[in-house]
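**Student:** The structure is given below, and queries will be raised subsequently.
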């Protein structure tokens, strides 16, 4: 099981916005183009969250994973359910659970089933532009996910925007955990309970996931512009790290 950080690992956003990605290439990358690309991603993420993932309503009620409210969900058919007229408030866990189920169903269907054809093209063009600017960072990360067995994302960001990022950045069929309130160590423990008797490897750019991996006695690969980055990190390299620990 491969446990990935999201931002600045599988995807790039903050480093595009603040110019640190461009800065790492000693003037070889256009700083203004980096910022422009980052701002476009921000707009696309917010638009998807607000228009399709109820984000304006549930922004303040972050959950660590999509199924966290299953106990409150009575399984009602939501096909003709009127979310706009149900008077949602945070005290009603059932209505919040309905929203999470609806988001999960959209997430499972993929971007092409959520957005219209024009917006899908806009998003795909943005992906291609970013991939070209970053020398294949996004596509090589995606390729590594496809080659890996089971992939989980543990992100310090809140859950709903992280799911939106997964759709927009072509990170399909990935289980997402938000460590926003509970911390990455707790998420790592949940994943170990979910997948017993297997080997694990954590991959990210931050101190928290490194510390959590050390507690769990898992190998950890640090992603940075040098030495391990996308493209450049491949499955044989990951397996080497795992073989050292296991």
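For all residues, glycine too, the Cβ spot is worked out from N, Cα and C.
Keep in mind that what you see is a predicted model, and the values were worked out from it rather than measured.
Below are the features I grabbed from TrEMBL:
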| type | residues | note |
| --- | --- | --- |
| BINDING | 5, 7, 205 | Mg(2+) binding site |
| ACT_SITE | 5 | active site, nucleophile |
| ACT_SITE | 7 | active site, proton donor |
**Student:** Near the Cβ of residue 205 (Mg(2+) binding site), how many other Cβ atoms are there if near means within 10 Å?
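**Tutor:** A 10 Å sphere around the Cβ of residue 205 (Mg(2+) binding site) contains 19 other Cβ atoms.
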**Student:** Could you work out which of the binding-site residues (5, 7) has its C-beta surrounded by the smallest number of other C-beta atoms within 10 A?
**Tutor:** 7
**Student:** An 8 Å radius from the center of the 5, 7, 205 Cβ atoms defines the neighbourhood of the Mg(2+) site; name the other residues of that chain inside it, in order.
**Tutor:** 6, 8, 9, 10, 155, 156, 204, 206, 209, 223
